[in-house]
Amino acid sequence: MKVTLTHIKADIGSLPGHTTVHEDVLNEVKRFLKEQSKGIIWDHFVGYVGDDIQITMVHDNGVNASEVHKLAWDAFKSGTEVAKKLGLYGAGQDLLKDSFSGNIKGMGPGIAEMDITPRRSEPFIVYMMDKTEPGAFNYPIFKMFADPFNTPGLVIDQSMHDGFKFEVWDIQEAKAIMLNAPEEMYDIISLIGTKGRYVIKRVYTKKEHGKLPDENVAVITTDKLSFIAGEYVGKDDPAAIVRIQSGLPASGEAMEAFSHPYLVSGWMRGSFNGPLMPVAMKNSKMTRFDGPPRVVALGFVYKDKKLTGPVDMFDDPAYDNARKLANDITDYIRRMGPFEPHRLPEEDMEYTTLPKVMEKLKGRFVHVDAVEKGVSKNSTGRDSD
Ligand code: 13P
Ligand code: 13P
Ligand code: MG
Ligand code: MG
Ligand code: MG
């Protein structure tokens with residue numbers, strides 16, 4: 001039987017700034033889905049991270065199913081009405097188009113979905129990040145599926161020993177490439193280290209995989225709001241679905257990839273580098289400098305049209321040290337204020353007001369030789385000509 005996991009997320013309004021979702025909006029999205037989802041999806045869960053509402057769904061309509069996408073879109077529309085009434089900030093922020101047109105791609109919400117062949121037990125983790133971008137998943141997804149120091153299963157589990165295939169997207173040129181790990185590991189790293197451009201979209205097992213050949217086992221949202229809107233309208237806070245166990249990374253191997261709060265871009269105004277802090281869903285209020293960027297992990301199993309769970313995976317003292325380190329990095333890096341490398345480099349600022357500042361100052365730039373001439377004139381007190 002074909003089964004599809006679909007995860008769709010959007011920021012439809014927050015309290016007071018880009019801090020957190022409002023309970024009434026969350027409840028409206030839940031109410032809408034409870035009443036309208038029958039006959040379209042089998043089961044679902046509504047969660048959140050920071051100011052983003054997240055819908056995890058399971059159904060048999062396949063990926064890109066118009067009715068499933070429309071259900072999520074309409075649920076977000078309905079939630080937006082409540083957000084507007086309450087006067088929440090950025091009500092409907094990520095709903096960039098006026099009306100639904102067949103597919104939610106390119107309309108603002110982030111989407112990650114895959115068709116799966118369900119196993120006897122089908123465990124998976126949904127990771128949801130706020131105040132960062134899709135490329136923030138490059139590092140942890142690589143660690144889970146390609147780094148034996150993170151995932152010893154790559155060495156000691158016979159069915160993982162051949163490695164995995166990585167589908168990497170160039171999101172600037174809208175191109176994709178399939179690369180094999182471990183054979184092409186250095187090529188993979190040389191691309192995905194440029195995380196603002198090359199992003200891991202999907203991971204597949206190889207055809208040699210003993211338990212689950214040629215199967216999609218991870219998928220990440222890659223939607224870029226600025227490409228749709230043409231200007232900065234919030235960072236493209238991403239989410240991912242990662243299947244685990246039986247020939248895939250164990251739950252703890254998938255979780256271990258987040259034990260180090262590596263730097264991601266996003267944070268305040270989508271314009272700063274900062275540490276990714278793993279937190280419980282209830283602790284995902286984005287307070288300090290609208291962050292620091294956070295990741296929430298929800299663990300599910302799927303069976304017979306039902307989702308069981310989730311377990312709030314980072315709601316655990318085992319991640320206290322990662323959070324402490326993230327706070328220490330925050331103290332350190334915040335003192336740089338608007339300077340790089342805390343602030344993002346110029347090319348990442350093109351959707352902010354920085355190009356407008358440059359436009360304003362354009363006429364006042366002169367060649368350095370002219371300045372040097374002036375300096376020598378000033379220092380000698382007389383014209384050197
Ligand atoms: P248990 O012995 O607790 O089932 O754990 C098995 C395992 O492989 C953990 O990674
Ligand atoms: P969001 O992308 O989470 O809405 O945040 C936008 C922002 O500008 C935060 O400072
Ligand atoms: Mg927001
Ligand atoms: Mg957000
Ligand atoms: Mg956003």
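Every residue, even glycine, has its Cβ placed from backbone N, Cα and C.
TrEMBL annotations: computationally assigned, not manually curated.
Residues annotated as Mg(2+) 1 binding site in TrEMBL: Asp11, His18, Asp51, Gln93. Marked as active site, proton acceptor by TrEMBL: Asp11. Under the heading beta-D-fructose 1,6-bisphosphate binding site, TrEMBL lists His18, Tyr89, Gly102, Asn103, Lys131, Gln245, Ser246, Arg269, Asp290, Tyr351. According to TrEMBL, the dihydroxyacetone phosphate binding site annotation covers His18, Lys131, Arg269, Asp290. Look at TrEMBL and you will find Asp51, Asp52, Asp130, Asp237 tagged as Mg(2+) 2 binding site. TrEMBL lists Tyr232 with the feature active site, proton donor/acceptor. Under the heading Mg(2+) 3 binding site, TrEMBL lists Lys235, Asp236, Asp237. Residues annotated as active site, schiff-base intermediate with DHAP in TrEMBL: Lys235. According to TrEMBL, the feature Mg(2+) 4 binding site maps to Asp236.
The structure, with features from TrEMBL marked on it.
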residue: Asp52; record: Mg(2+) 2 binding site; contacts (Cβ under 8 Å, 6+ apart): Lys9, Ala10, Asp11, Val21, Asp94, Met128, Asp130, Asp237
residue: Gly102; record: beta-D-fructose 1,6-bisphosphate binding site; contacts (Cβ under 8 Å, 6+ apart): Ser66, His69
residue: Ser246; record: beta-D-fructose 1,6-bisphosphate binding site; contacts (Cβ under 8 Å, 6+ apart): Arg119, Ser121, Ser159, Lys211, Leu212
residue: Asp290; record: beta-D-fructose 1,6-bisphosphate binding site; contacts (Cβ under 8 Å, 6+ apart): Gly17, His18, Thr19, Lys131, Trp267, Met268, Arg269
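When the binding-site residues Asp11, Lys131, Asp237, Ser246 are checked against ligand 5, Asp11, Asp237 have a Cβ within less than 6 Å of one of its atoms.
Among the binding-site residues Gly102, Asp236, Ser246, not one has its Cβ under 6 Å from an atom of ligand 2. Rounded to a whole value, the Cα-Cα separation of Asp51 (Mg(2+) 1 binding site) and Asp236 (Mg(2+) 3 binding site) is 12 Å.
Comparing Gln93 (Mg(2+) 1 binding site) with Asp236 (Mg(2+) 3 binding site), their Cα atoms are 11 Å apart once rounded. Contact annotation for binding-site residues (Asp11, Asp52, Ser246, Asp290) versus ligand 3: Asp11, each with CB under 6 Å from a ligand atom.
Selection of the binding-site residues Asp52, Gly102, Asp130, Ser246, Asp290 by a Cβ distance under 6 Å from ligand 4 yields, in sequence order, Asp52, Asp130.
DSSP assigns Asp130 (Mg(2+) 2 binding site) to a strand. If you draw a 10 Å sphere around the CB of Asp11 (Mg(2+) 1 binding site), it holds 30 other CB atoms from the protein chains shown.
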